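Everything on this sheet refers to the single structure shown next.
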């Protein structure tokens, strides 16, 4: 897995005929048109929980609204100056129904950096507290968390984002892209990425390749049965290779942490608003 600073280096290697590399799916640029590798343009506002995380007007990552004041994303998307855009379909222009919030707290999972497996993006999950709650509308909705730790391999799920639609060459779409991909078994996932997969991860993709999340999609949702089953984390570069599925953070492993973290911060704010007792 390459950190952001080395994404360009791995891109250069791939263009010159080098072997595939593992890469986090984070990007700091935005561009023209296309679709998620092997995917299609989402029907506008059909993914109302989808968030876009921008820094100085440039796409960094995706995210997912899990509470009117909280967005879930990948821990490796941590960066100063994040702004969260919700109710978006097309980036680069103001749209009716969109809402924008600054981030007041970024809370990566406490084991993300401390864990011996952190170099493999173990515990790659982060909560973002928004400056104020968003208003839920037809364009903006929360997505329920999955409590199911093991869905059947082969289950079709949907991943979405504004990441590059081609790989290794890059092409960033103006509109939100979707791809329907299948869950892979834990055994297959560990065979593909020996020594790198933990119980906190899952794999999804297609045998034939061509459908995948890619750079710029990090932190976005993998939706299975209308619940948040995974968070885009990392995978091989170039994206969409046959038998090289993308790797996602397994959300069901973190439901308790998500709920306790939100409850903790909400309680602290209530105490502050009440003042000294």
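Counting starts with 1 at the first residue shown.
Cβ atoms are placed via backbone N, Cα and C, with glycine included.
These come from Swiss-Prot:
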- 1-16: signal peptide (SIGNAL)
- 30: N-linked glycosylation site (CARBOHYD)
- 36-263: domain 'Peptidase S1' (DOMAIN)
- 42-178: disulfide bond (DISULFID)
- 61-77: disulfide bond (DISULFID)
- 76: active site, charge relay system (ACT_SITE)
- 124: active site, charge relay system (ACT_SITE)
- 157-224: disulfide bond (DISULFID)
- 189-203: disulfide bond (DISULFID)
- 214-239: disulfide bond (DISULFID)
- 218: active site, charge relay system (ACT_SITE)
- 225: N-linked glycosylation site (CARBOHYD)
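Residue 218 (active site, charge relay system) has 61, 76, 77 nearby among the recorded positions 61, 76, 77, 157, 224, 225, counting only those with a Cα within 10 angstroms of its own Cα. With respect to residue 42 (disulfide bond), the closest of these recorded positions in Cα terms is 157, chosen from 76, 77, 157, 189, 203. For residue 224 (disulfide bond), the count of additional Cβ atoms within 10 Å of its Cβ stands at 20 [all protein chains shown]. Secondary structure at residue 224 (disulfide bond), as computed by DSSP, is strand. Within the same chain, residues at least six positions away from residue 203 (disulfide bond) with a Cβ under 8 Å of its Cβ are 183, 184, 186, 188, 189, 192, 193, 197, 245, 246, 247, 248. Its own atom aside, the Cβ of residue 124 (active site, charge relay system) has 28 Cβ atoms within 10 angstroms in the protein chains shown. Secondary structure at residue 61 (disulfide bond), as computed by DSSP, is strand. Here is what falls inside 10 Å of the CA of residue 124 (active site, charge relay system) among the recorded positions 76, 77, 239: 76, 77. Sequence-distant contacts (6 or more apart, same chain, Cβ under 8 Å) of residue 157 (disulfide bond) comprise 180, 181, 182, 183, 204, 222, 223, 224, 229, 230.
Ranked by Cα separation from residue 225 (N-linked glycosylation site), the recorded positions 76, 77, 178, 214, 239 are led by 178.
Counting other C-beta atoms within 10 Å of each candidate's C-beta, the disulfide-bonded residues 61, 189 are led by 61.
Under DSSP, residue 178 (disulfide bond) is assigned to a strand (E or B) in the three-state scheme. Here residue 77 (disulfide bond) is compared against the disulfide-bonded residues 178, 214, 239, and the shortest C-alpha distance is to 214.
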